[in-house]
Amino acid sequence: MSFQGHHAGDGHLHDSEDDFHQILKNTTSPDTFGYTSMHYEDKSKQIIIFHTVFASITLVFVLLRNYSRFFFLRSPGWDDFLLNLAWVATTIMEVIVCVETRYGLGKHIIHVAVDDRMKLVQMVFWCQIMYFIASLLIKSALFVFYLRIAVQSVYKKACYMFMTLNVGIFIGSLLASIFLCRPVQFFWNRRVEGTCGNVERLYVSNASLNMLMDVIALILPIPIVWGSPSLTKATKIKISALFLLGIV
């Protein structure tokens, strides 16, 4: 789905759902296309259940970690605070997705009113912003944690370098996403005059950069672990295998 070069506002609303339905109304009956006879399963309930279950599982792990770090070990670090902020951002994102079902998420597009589609796309806009924030916080928490366990300066420098790269990717992705359309509201409201860039190119490039950072975040602690003189070889193998499980 590309909005590149699309305009609206000169009396002709390109990509307007109103125009499309008006054409159908003036030319032929919706029955001709089978609109009234087709049945599309509403998957909104499944979406809500899925996100609620995983949000609940995440909450359990976050609470267990907080109990361990704040009450049992009594040694919280900045990585713990960053992870808690990441949980807040992720939870907001999950809530937005569930609310999106009220405006058509999980339903076939022919069963969603035009105004609801606009609201849905607007919520998608805010959801992707929360995704960028959550991704930044999660990776930052990992790099801060690696700084705590790193002994050699070369690994500490690597952590700082990748933290800076992570922030740079976040800023670039966030700004590119917000200002993909001009004006910004043209992203969800095609009744105003505006233009949009190539949304597919934005998502592919962002996904590629995030995958790269994910791999780096998973591989980086392995040399840190193997460079620790206090760990036995068997312990190093077990810890490395645990980190590599994240790649799978």
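Placed from the backbone N, Cα and C atoms, the Cβ positions cover glycine too.
According to TrEMBL, the feature domain 'Rhodopsin' maps to 64-248.
Sequence-remote contacts of a segment are chain residues at least 6 beyond its ends whose Cβ falls under 8 Å from one of its Cβ atoms, and for the transmembrane segment (47-64) they are 83-84, 87, 90-91, 94, 97-98, 101, 105-106. Marked as transmembrane segment by TrEMBL: 47-64 (among others).
Annotation source TrEMBL lists transmembrane segment at 123-147 (among others).
Look at TrEMBL and you will find 159-180 (among others) tagged as transmembrane segment.
TrEMBL lists 207-226 (among others) with the feature transmembrane segment.
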Checklist outcome for this item: With the cut-off at Cβ under 8 Å and a gap of six or more residues from its ends, the chain residues touching the transmembrane segment (159-180) are 125, 128-129, 132-133, 135-136, 139-140, 143-144, 146-147, 150, 187, 196-197, 199, 202, 206, 209-210, 213, 216-217, 220
Checklist entry - If you average pLDDT over the domain 'Rhodopsin' (64-248), what do you get? => result 88
Next on the checklist: Give the nonlocal contacts of the transmembrane segment (207-226) in its own chain as ranges (CB under 8 Å, at least six residues past its ends).
Outcome noted: 135, 139, 142-143, 146, 149-152, 155, 158-159, 162, 165-166, 169, 173, 236, 239-240, 243-244, 246-247
